[in-house]
Amino acid sequence: MFLGVLFGVLGCALWGLIYIVPLLLPDYSPTTIAMGRFAVYGACSLVLCWYYRRELSTLKASDWLKAFCLGFFGNAVYYIFLTQGIRWAGVPTSGMLMALIPLNVALLTNRPGARTSVVVPWRRLWLPLLVILLGLWIGNIDEFSEISSQTSSKEYWLGFFCSFTAMALWTWFPIRNSQWLIAHPKVSPVVWTCAQGGSIFPAAVLCFSAVNLDSWMNGASFFGPDPVVFICVMLIAGLACGWGGMALWNMMSARLPVALSGQMIVFETNFSVIYALIYKQQAPGWTLVVGICLLLSGVSISLKVFQDASRPH
């Protein structure tokens, strides 16, 4: 299980960077950013699809449809809502809503018949979940207070709605993604990452072109007002945060119970706050330090609970 947790933490460290992308590209729409990122992710996946063509040939049409739905709605559409939520409501609010994902996933999957590999008694799971939520709340207090004083009420609640939608999509994604990987142990997580990226590439390119076609026909650059910065940021977001982060997440999902793998997303929230502080050139406050300590404690307790449950009696 340790290796699975390590993959999850590393994946979240890469995904935490996506919270900074809207701040680096304030003149670009969320759809442009999302589709640009996943066009790069998809292009990288297509190249690797040729390398893994033998393994990919074993996938059925229903598997490819599942890969597309997970990739498009669980990644691209999710990121559009997350980007807009960050822009209107700020990183802390978006991060706090994303922090509810571990509880949502546990509520939906830690039960008999939920197609999970390990089910533990709820009396042993409430404590680590509460510690995780408390750590995320304390760790984001300062950032939450700052953004709430700088944003209008209407804009803030629109951002809240977008972030809530992103949370709902990413409650659905890790459950279905983990269930598929657990049900298909012969399919490598890297191959599954390529299938998801390759299947959404045409849709990402078409959506990106449709959004930017009008500006291009009016004489503007096809890649927006700052093409060099946009392309560089998209390469990092698509290759590192997109393909790299998803490959690490899938490797984790194949190794951990669904209810535990869903808890790993909390690291994305804390990494996003740390990156935001670096971007603002600010030192972390005591609340962030305490929050991270509680977060690590909660995940450690939860990991031990699942390790004990998975041992033969």
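Just so you know, glycine gets a Cβ as well, placed from its N, Cα and C.
Here's what TrEMBL has on this protein:
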DOMAIN    3-108  domain 'EamA'
TRANSMEM  5-25  transmembrane segment
TRANSMEM  31-52  transmembrane segment
TRANSMEM  64-82  transmembrane segment
TRANSMEM  88-110  transmembrane segment
TRANSMEM  122-141  transmembrane segment
TRANSMEM  156-175  transmembrane segment
TRANSMEM  187-213  transmembrane segment
TRANSMEM  228-249  transmembrane segment
TRANSMEM  256-279  transmembrane segment
TRANSMEM  285-306  transmembrane segment
Looking only at the domain 'EamA' (3-108), what is the mean pLDDT?
87
Looking only at residues six or more beyond either end of the transmembrane segment (187-213), which have a C-beta under 8 A from one in the stretch?
29, 31-32, 35-36, 38-39, 41-46, 48-49, 52, 55-56, 58-59, 63-64, 67-68, 70-72, 75-76, 180-181, 222-224, 242-243, 246-247, 250-251, 253-254
To the transmembrane segment (122-141), which of 156-175, 228-249, 285-306 is linked by the most Cβ pairs under 8 Å?
285-306
So what's near the transmembrane segment (228-249) in sequence-distant terms, Cβ-Cβ under 8 Å and 6+ beyond its ends?
7-8, 10-12, 14-15, 17-18, 21, 24-25, 28, 33, 36-41, 43-45, 75, 177, 189-190, 193, 196-197, 264
Looking only at the domain 'EamA' (3-108), what are its DSSP counts of helix, strand and coil residues?
92 helix, 0 strand, 14 coil
